[in-house]
Every structure is written in structure tokens, then in C-alpha cells.
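J.: Supplied in C-alpha cells, the structure appears directly below.
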Amino acid sequence: MKLQLIAVGTRMPDWVTRGFEEYQRRFPRDMALELIEIPAGKRGKNADIVRILQKEGEQMLAAIPKGNHIVSLDLPGKNWTTPELATALSKWQLDGRDVSLLVGGPEGLAPACKDAAHQSWCLSALTLPHPLVRIVVAESLYRAWSVNTNHPYHRE
């Protein structure tokens, strides 16, 4: 199974790239974590935010391979504990499909992305900067994998 993190934004600070890559490299080959970056629309004083969000959504949906299980990262989503995420990860593996996790930009996800999602995951009730979300998602998925495989990374 492949995990795809599809996120709005391209030029991330080095600490974000290093943090994400640290967890990305820890995944086994049979559960690779891939990052697909979607260029953020230009935002300015007179920007049409609705149109920008729509275009970002179209690009995100176009990046999802046909048949993937889609998980949106959004506030109204399910707030999983680590064991619950580990259970979800196991179910995704048993389902036999790759998984695409969608992270929006500053205004969140386009309605089309929310509608296309099979599940919605809320990382926190806090507002998190979307660059940091990449690292939190990668670490959380790695921790869930470690729970499922009895790897010593996760300790109760």
C-alpha cells in the first residue's frame, strides 16, 4: 500500500522538508509515504479566494490515482487517538487500495475535495499551520504503523 500526502504549497522551509523526510524514510517499502505538492494559488488583496480554492481542489483531485481511498484533513473530521489511527491504517491495508490524504492551503480544502473524501481526519481542534501538518501527519502515520507492527517506536 502506498500513502500519498497531497498538500497545497510548494516552497516549504528547510525544517519542514527535513522533518517530513525524516519520517518518510522510516516507512517500509511496502508502505511508502509519498508527498505530492500542489502549487498554492496567488493570494493578494483582491484575490478571488473562491476561485483559488476551486483551482487548488481541481489540481488535488487530478493528482489522486483512480481507485484510491481518499482521506481529507479537516476540522469536522474524526479526531483519532493513536490506537484508532492504527486501526484505520490496518483497515486501509486490508482494503487493498492506496490512500490519498488531502491537506489544504490557508483557507482549507475545496468543497469538491471534501465531497470526494471517503473519510475525514481532524488532527486537532487547534488551527495548525499547513506546513507543520505535513510533519504531524507523517509522524502520526509512522507511529500508527509502529503500533501495528509492534515496533518499539511507540510506547504506551
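Here the Cβ of each residue, glycine as well, is placed from N, Cα and C on the backbone.
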J.: According to Swiss-Prot, GLY104, LEU123, SER124, ALA125, LEU126, THR127, LEU128 bind S-adenosyl-L-methionine; so which of LEU61, LEU73, LEU85 is the extra one listed there?
T.: LEU73
J.: Of SER124, THR127, which of the binding-site residues has the most Cβ neighbours inside 10 Å?
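T.: It comes out as SER124.
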J.: Which one of these binding-site residues has the most other Cβ atoms within 10 Å of its own Cβ: LEU123, LEU126?
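T.: Buried the deepest by this measure is LEU123.
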J.: Determine the most Cβ-crowded residue among the binding-site residues LEU73, ALA125, using a 10 Å radius around each Cβ and all protein chains in the structure.
T.: LEU73
J.: Around LEU128 (S-adenosyl-L-methionine binding site), which residues of its chain at least 6 apart sit with Cβ under 8 Å of its Cβ?
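T.: For LEU128 (S-adenosyl-L-methionine binding site), the qualifying residues are VAL136.
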J.: Can you give the largest Cα to Cα distance in Å, as a whole number, for the residues LEU73, GLY104, LEU123, SER124, ALA125, LEU126, THR127, LEU128 that bind S-adenosyl-L-methionine in the record?
T.: 16
